[in-house]
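Copied over from TrEMBL, here are the features:
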- A:28-138: domain 'PurM-like N-terminal' (DOMAIN)
- A:Asp30, A:Asp75, A:Asp211: Mg(2+) 3 binding site (BINDING)
- A:Asp30, A:Ser45, A:Asp75: Mg(2+) 4 binding site (BINDING)
- A:Thr46, A:Asp47, A:Asp122: Mg(2+) 1 binding site (BINDING)
- A:Asp47, A:Asp75: Mg(2+) 2 binding site (BINDING)
- A:His54, A:Asp262, A:Tyr314: substrate binding site (BINDING)
- A:Gly121, A:Asp122, A:Arg146, A:Ser213: ATP binding site (BINDING)
- A:150-299: domain 'PurM-like C-terminal' (DOMAIN)
- A:Asp214: Mg(2+) 5 binding site (BINDING)
There are 2 protein chains.
Amino acid sequence: MGEFELIHHYFAAAACARGGEGVALGIGDDCALLQLPAGEQLAVSTDTLVVGVHFPHAADPYLLGQRALAVSASDLAAMGATPIGFTLALTLPDAQPEWLQAFARGLDKMAAQCALSLIGGDTTRGPLSLTLTVFGRVPSGQALLRSGAQAGDLLCVGGNLGNAAGALALVLEQQQAEPAVSQPLLEHYWSPQPQLALGQALRGKASAALDISDGLLADCGHIAKASGVSLLIEQQRLPLSTALLQLSGEAGALRCALSGGDDYVLAFTMAEQHLPALREAGHSVHVIGRVVSGQGVQLLDKHGAQVALPAQGYQHFGSTGD
Amino acid sequence: MGEFELIHHYFAAAACARGGEGVALGIGDDCALLQLPAGEQLAVSTDTLVVGVHFPHAADPYLLGQRALAVSASDLAAMGATPIGFTLALTLPDAQPEWLQAFARGLDKMAAQCALSLIGGDTTRGPLSLTLTVFGRVPSGQALLRSGAQAGDLLCVGGNLGNAAGALALVLEQQQAEPAVSQPLLEHYWSPQPQLALGQALRGKASAALDISDGLLADCGHIAKASGVSLLIEQQRLPLSTALLQLSGEAGALRCALSGGDDYVLAFTMAEQHLPALREAGHSVHVIGRVVSGQGVQLLDKHGAQVALPAQGYQHFGSTGD
């Protein structure tokens, strides 16, 4: 079976089923063609997942397919973009039909959930890795950047923090837990929910936004640096799940929330006046701190006293973070 | 040094220097933002190159940088698109400054030549591989597809065929040759010239087009299948370089031209009436056959008799081609 047939065969569902708004030409030619409504910009993001680095060799291909696309779609959420499509560059040591079928099913499930069409890709032989490039659209000038946070804004997150870091110990089988604890954490790890609706709702409201992939402290550092401000995080306001507290205890859960990566929950800054409308619309918004003049990130205990920062999130090729 | 700093440091030239027409936001946020003029579509293509599969372990990083981007930009040429930018997903076993610097210089040289800006990417640890996604723009409805070839059209190519396949034997050190022979072939292999100007000139003229990556026969098969026609290739009209003829002899050169991949020369079908204007504008156009009703690809000798087709170009995970 040739390269194109392989892609067509296993990924047909993800390629066709989405309706393809914005996709003028999908898989099968030298390029795909995307069409944007007047007054909109295209948001683009690329992420690579490598076996043994970003997921274990024994990873369930169905879960891997889900997670790979969710991780990339989360970047669209962070810009407030409406999903259009994605390309998949899949490098595989060999073509195992069962593996491909399960991977494609997981990918398709997340594609359907995010309203993303598979528009193209490449299949190559080599050590297992995946590079996904996602495309979305956003009205010109309304994309959520990292650079607009202003002193006086609230610092918010879109959901519980630290679940993925907690789950990682279960994924790597360093820790065990009863199903009531392990299941919700593993589900969060393997099937993170890109906060696309929240991202779109934040257009015109959030002054800065990103999705938490490197860990709360590291990612807040990105906003602080890009915006030229200081972010104060009130430790006791961090939303922690019951499952994580049961697995890791309070101190461990806090460590996961502050420094663990892969949560793919939005962190954003916003004037307080926008809070009621978001909550009325049913969006999950947790205020965890505020923006002040200065630079960097500061962590405060329940008395408002500054706490020493723990080690920051995972960084490739380095240890200092950005 | 963190991931972002690594990318910024080595790839700054490719990221900034291009002027960035069409790029509203480049590297550094969750997504890049592209802006299209009204009435234009975005062309997107993704290609992966894996060490040991698409290039040797000892490949010169400067040449690899050039070649990786040229291979992807060639897909934009094949659609008749005007280049905008690209993302680079770079997986590396370790961060060697000399390697990264040389790779970035080669990438930047080709980026400047193709007027492509680096707009984003990802750097991960793992076995060496590169996934590039390129973006271009094309007036709506004018992209060159594979599906429009019509009986009566000419079959043309944009330059000499088989040079890359000839060079591969030199790259793999299976063959040696004097510099006058090896240099032009190796240059073609490591620094293919995406035929962007020709592609743009073919808008509104070519009925079908692609770039030759799998080999002439295999790629003509793609046009024949997508268009529902038969392509007749006249063997004695295939343009062959002096260097390839000297390296491989006539029979060997012909084999390279028919079945070798990686030429990244355009193949296209077109009504004869467009030929003079293209040649007057200085474009290299070689007529190598014609389109007839039927299906598949047929090879004719100098007497017009049908010749048996040799084995087709390289295919991942398969042997039959598309």
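Note: Cβ is positioned from N, Cα and C throughout, glycine not excepted.
Because TrEMBL annotations are produced automatically, they should be read as predictions rather than curated entries.
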Translate the DSSP assignment of A:Asp122 (Mg(2+) 1 binding site) into the three-state scheme.
strand
For A:Arg146 (ATP binding site), the same-chain residues 6+ apart in sequence with C-beta under 8 angstroms from its C-beta are A:Ala208, A:Ala209, A:Leu210, A:His222, A:Ile223, A:Ala226, A:Ser227
Listed binding-site residues are A:Ser45, A:Gly121, A:Asp122, A:Asp262; which of them have CA atoms within 10 A of the CA of A:Asp75 (Mg(2+) 3 binding site)?
A:Ser45
What kind of secondary structure is A:Asp75 (Mg(2+) 3 binding site) part of, going by DSSP in three states?
helix
In chain order, residues whose C-beta lies under 8 angstroms from the C-beta of A:Asp47 (Mg(2+) 1 binding site), counting only those at least six residues away in the same chain, are A:Ala68, A:Val71, A:Ser72, A:Asp75, A:Thr131, A:Leu132
Between C-alpha atoms, which of these binding-site residues comes nearest to A:Thr46 (Mg(2+) 1 binding site): A:Asp30, A:His54, A:Gly121?
A:Gly121
Taking Cα atoms as reference points, rank the binding-site residues A:Asp30, A:Ser45, A:Asp122 by distance from A:Ser213 (ATP binding site) and give the first.
A:Ser45
Counting by DSSP secondary structure, give me helix, strand and coil numbers for the domain 'PurM-like N-terminal' (A:28-138).
37 helix, 46 strand, 28 coil
Here's one to test understanding: among the binding-site residues A:Asp30, A:Asp122, A:Asp211, A:Asp262, whose C-alpha is closest in space to the C-alpha of A:Ser45 (Mg(2+) 4 binding site)?
A:Asp211
Restricting the comparison to the binding-site residues A:Asp30, A:His54, A:Asp211, A:Asp214, A:Asp262, which residue's C-alpha is spatially nearest the C-alpha of A:Asp122 (Mg(2+) 1 binding site)?
A:Asp30
May I ask for the distance between A:His54 (substrate binding site) and the residue listed as 'Mg(2+) 5 binding site', taken between their Cα atoms and rounded to an integer number of Å?
13
Cα-Cα, whole number of Å: A:Gly121 (ATP binding site) versus A:Asp211 (Mg(2+) 3 binding site)?
25
Chain B contacts from binding-site residues A:Asp122, A:Ser213, A:Asp262, C-beta within less than 8 angstroms, listed by sequence, come out as A:Asp122
